[in-house]
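Chemist: For reference, TrEMBL lists these features for the protein:
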type	residues	note
TRANSMEM	B:20-45	transmembrane segment
TRANSMEM	B:65-87	transmembrane segment
TRANSMEM	B:94-111	transmembrane segment
TRANSMEM	B:117-140	transmembrane segment
TRANSMEM	B:149-168	transmembrane segment
TRANSMEM	B:202-220	transmembrane segment
TRANSMEM	B:249-267	transmembrane segment
TRANSMEM	B:279-295	transmembrane segment
TRANSMEM	B:302-322	transmembrane segment
TRANSMEM	B:328-347	transmembrane segment
Amino acid sequence: MIDPLSVFLLLLAAATPILFAALGELIVERAGVLNLGVEGMMITGALAGFAAAHATGNAFIGFAVAALAGAAISMLFALLTQFLLANQVASGLALTLFGLGLAALFGKPLEGIKAPPMPAGPLKVNWIVWLGLLMVPLVWWFLNRSRAGLILRGVGENHDAAHALGYDVRRVRIAAIAFGGAMAGIGGAFISIATVLQWTEGMTAGAGWIALAIVVFSNWTAPGVLAGAWLFGGVTVLQLRLQAAGVSVPVQLLSMAPYLATIIVLVAISAMQKFSRRAGGGAPGSLGRNFHALR
Amino acid sequence: MIRLVPRSETSMGWQIATPVLAVLATMVMGGLLFAIMGYDPVAAIRTIFWDPLFGPAAGYSRPQLLVKAAPLILIASGLAIGFRAGIWNIGAEGQYIIGGITGAAVALAAYPADGMWIFPAMVLAGALGGWAWGMIPALLRNWFGASEILVSLMLVYVAEKIAAWMAFGPMRNPEGFGMPGSRNLTQYPPAANPELIAGTGAHWGVVAAALAVLATWFLISRHIRGFHIRTAGLAPRAARFAGVKPETLVAFCLGLSGALAGMAGLFEASGPAGQITDSFGSGYGFTAIIVAFLGRLHPLGILLAGLLLALTYIGGELAQLTLQLPAATVQVFQGMLLFFLLGFDLLTRFRVERTVTA
């Protein structure tokens, strides 16, 4: 007998890392920056958070450190793209490659150690899961109802116009990148501290890339990100259930499901955006373009 | 105050100087990192960059240079063509894995037959497999506008799962006592990709890499399609007016880079790796991205960059053995290299001027 509530709670947990990372990237992209370094920031958070949680015995300190570490490493990307005007696609990739390497290097001594226990929150659901759910309306409110959100969107839609109005494009974007890094860091730490309960090399296994796809899926909106993260969480839980039930399909093929689902959904949404009237869907106008003020 | 003034043309001098600067900066920062970690920085840098070529064990490690550089150069040559046109194939790792599998499939199907045709057929199958895997993101982008960056990347994870499935399922060696992994192709002469000239490390993949460098040079600088590619990358609108069909270009670039990555995978499966295992993905597909950038998307540059990154692999292994340096050090080095390169790139496009504040 499958209890729908317990399945839903599993789905919530499976969706959480992606939800955090994708909400962060949503803010980054709405500011007009495409940061492909999510995977690198997540793995950094996964390691730093785990190390801090292990050292202090307190999982919450782990998450705080993960957020700081994610934000810190995202500043490398900010330096490259905002000051040195490097290509955003290449810089994001560099951040991912560097982050994966750095985490593997410093994670070696932590292998085989168990994560400290985490006190369960309401409904026996992890506090961080609740925090993730709370972030959805907060991000929505920030983007659509706050003055700072309006400026951020302006910078993302048309950086030249925002600059002409006197807004500091670079400062807004750096703040957005730092926020994205912190959120990705928390998402990564959720995997090491709350899901897998230990540190293993490369443990984010593409979650950062799925988060990037979910931002496209969401049409650059916070509720859309939640829907995308839940869809992903649902596929993950279903796939694990089928594995546990011993379905005759090989395990390796079942474990492809989250990635295939991401591709299918990405294609479907891209097609809708392509064939609908608004070309590019909700993508910010300056997405991926660097800004250089001549005066 | 420091001010950046855009150059009217990218500086050729800095184009060549920045990769060198990036390598030097990586050595310095890497040395610093080693010092923090408690290793002797000078010894570490010497072990990674000098000893593989001129150290006491160079006789063994020098041939390894070509073995490691060949797949990098082969893959990066294809990637660079796409990058020039603004087409981002980030999934070469997946195309490499699938090429290895489809190529090996031919050998495993033919086993134990003998014949001159087997190895060429494997190469062809490897290229076709990689091409097909690269065409998935190409078609999905052309038909539905799906980002080729994300789709090609997702397909890396799918390819890894397929490799694991093959190693544990359909391709498992029937005489392997239940161990995962296919038959060892190096022990099946018609399918093996051996060292061609003893002591050099050169196998057929090295030959293919050399040909790829020549072919991509010809394509980019002498062929009309290369002109289209460069135009599309620099001025997409102008390219459209000149009659360049973006769809054709996407399919061409992703297909070509997929085919080259697939061939690299096959040469690896039939040579250095010897078999398809669940860990057949080697990271060459990702490192090749660094090679392409470090080589300035130019065939000759890619050749040099491929050799340099091969050196970091071999030096890294050596440092693991002699200094007990962790394996991931190489990855950090490679990431750092790309960071510095992207940073210094500023100098090719801008002049740095010091303005006097009044």
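Note: Cβ is positioned from N, Cα and C throughout, glycine not excepted.
Please treat TrEMBL annotations as automatic predictions, because they have not gone through curation.
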Chemist: Quick check: do the transmembrane segment (B:249-267) and the transmembrane segment (B:117-140) share at least 3 Cβ pairs under 8 Å, counting only pairs 6+ apart in sequence?
Modeler: yes
Chemist: Please check if the transmembrane segment (B:20-45) comes into contact with the transmembrane segment (B:328-347), where contact means 3 or more CB pairs closer than 8 Å and the residues in each pair are separated by 6 or more positions.
Modeler: yes
Chemist: The transmembrane segment (B:117-140): which same-chain residues, six or more beyond its ends, come within Cβ distance under 8 Å?
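Modeler: Here the qualifying positions are 89, 91, 94-96, 98-107, 110, 146, 148, 151-152, 155, 159, 190-193, 204, 208, 250-251, 253-267, 269-270.
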Chemist: Is it the case that the transmembrane segment (B:94-111) and the transmembrane segment (B:302-322) have 3 or more CB pairs under 8 Å, with pairs at least 6 apart in sequence?
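Modeler: Counting Cβ pairs under 8 Å (6 or more apart in sequence), the transmembrane segment (B:94-111) does not reach the transmembrane segment (B:302-322), since there are fewer than 3.
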Chemist: For the transmembrane segment (B:149-168), give me same-chain residues lying six or more residues beyond its boundaries with a C-beta closer than 8 angstroms to one of its C-beta atoms, as numbers and ranges.
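Modeler: That would be 88-95, 97-98, 100-101, 133-134, 136-137, 140-141, 180-182, 254, 276-281, 285.
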Chemist: What else in the chain is close to the transmembrane segment (B:302-322), if you only count residues 6 or more beyond its ends and a Cβ gap under 8 Å?
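Modeler: Distal contacts: 19, 23, 44, 47-49, 51-53, 55, 57, 61, 64-70, 72-73, 76-77, 80, 209, 213, 216, 287, 290-292, 294-295, 329-330, 333-334, 337.
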